[in-house]
Amino acid sequence: MDLGGKVAVVTGASRGIGRAVAVTLAGLGAHIIVNYAGHVEGAKETSMLVRDLGVRALIHQADVANQEQVDTMMQQALQEFGRIDILVNNAGITRDNLLPRMREQDWDAVLDINLKGAYHCTKAALRPMLKARWGRIINISSVVGLSGNAGQSNYAAAKAGLIGFTKALAKEFGTRNITVNAVAPGYISTDMTADFSEENKTQLLSGVPLGRLGTTEDVATAVAFLASEWAGYITGQVIVVDGGMSM
Amino acid sequence: MADVFERVKDIIVEQLGVEPEDVKPEASFVDDLGADSLDIVELVMALEETFDLQIPDEDAEKIHKVGEAVQYVLDHQ
């Protein structure tokens, strides 16, 4: 697989899955726009890892929930690189609670970043892809969007929403050689899952046939495949990367 | 007028992959030039970029023919 000369925007790339995606795509030769919302030290570290691989990295702070900030980021990317080939909508947060206890602001925050953020970024990145008649959009969903999870109704709704978004766009832009796919990670070892209790972890692992937590690289390699020419005839799909948990 | 028409024509030829001689003012994008809804959206985007315009949806929906696109550009430049 080779992404030499391609330009990829990865949202939420300051840590976790986003960082692994940025580094993996960079390892295949893509230049990376490292987007982050607040974790600047992490974003700098990601871009160092990217540059160590001999490609260019552009760090850009933008809240994906804000169209204006997203537009500015994409414009800067275009100025810097002249193209955007790959967009990975990864930025995401959780605000877990059982529904009776879930505040409207927690519902809104999760939907605004996880789902509306993808709308903002995709809308802004589409223009150069349409012109180029080539594009790869990869939305990071979650197994929670497929099978639900108690205490995560906002997150599950947003992640399921991303799957519908993926499929609609796959139909809209197929004729322009722009593929749109989703990756649905299962139980991946990141900051987001670090707070799980040992008991919770043990119980979750008992339902994973591969018997281990996923790594961010496990997810990133699936993303890289979808971003490559090798996946040129795959669109509108959801690749589940969960060690077999949700079969 | 002639200059705008030529530039609009170039955009249409490139965007829709049609022959230049088929791009006449009275030609309908959909019926005569085979454009689908995404082609129209892309055409509007290209017009916006080329002529530095912002074309609102309600205006874009009224542009059906080549001549209407040219007239829109002339009126809003």
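From the backbone N, Cα and C atoms, a Cβ is placed for every residue, glycine too.
Per TrEMBL, the feature domain 'Ketoreductase' maps to A:6-191.
TrEMBL lists A:Gly12, A:Ala13, A:Ser14, A:Arg15, A:Asn90, A:Tyr155, A:Ala156, A:Ala157, A:Ala158, A:Lys159, A:Ile188 with the feature NADP(+) binding site. Cβ neighbour count for A:Ile188 (NADP(+) binding site) (all protein chains, 10 Å cutoff from its Cβ): 22. The DSSP secondary structure for A:Ile188 (NADP(+) binding site) is strand.
Residues annotated as active site, proton acceptor in TrEMBL: A:Tyr155. For the recorded site, A:Tyr155 (active site, proton acceptor), the DSSP three-state label reads helix. Annotation for A:Tyr155 (active site, proton acceptor): same-chain Cβ neighbours under 8 Å, separated by at least 6 residues, are A:Gly92, A:Thr94, A:Arg95, A:Asp96, A:Val110, A:Asn114, A:Ser142, A:Val144, A:Asn149.
In the shown protein chains, 27 other C-beta atoms lie within 10 A of the C-beta of A:Ala158 (NADP(+) binding site). Around A:Gly12 (NADP(+) binding site), the same-chain residues at least 6 positions away in sequence with a Cβ under 8 Å from its Cβ are A:Gly18, A:Asn35, A:Tyr36, A:Ala37, A:Val64, A:Asn90, A:Ala91, A:Gly92. Ranking the binding-site residues A:Ser14, A:Asn90 by the number of CB atoms within 10 A of their own CB puts A:Asn90 at the top. Close to A:Ala156 (NADP(+) binding site) in the fold, though at least 6 residues off in sequence, lie A:Ser142, A:Val144, A:Gly145, A:Gly148, A:Asn149, each with a CB less than 8 Å from its CB.
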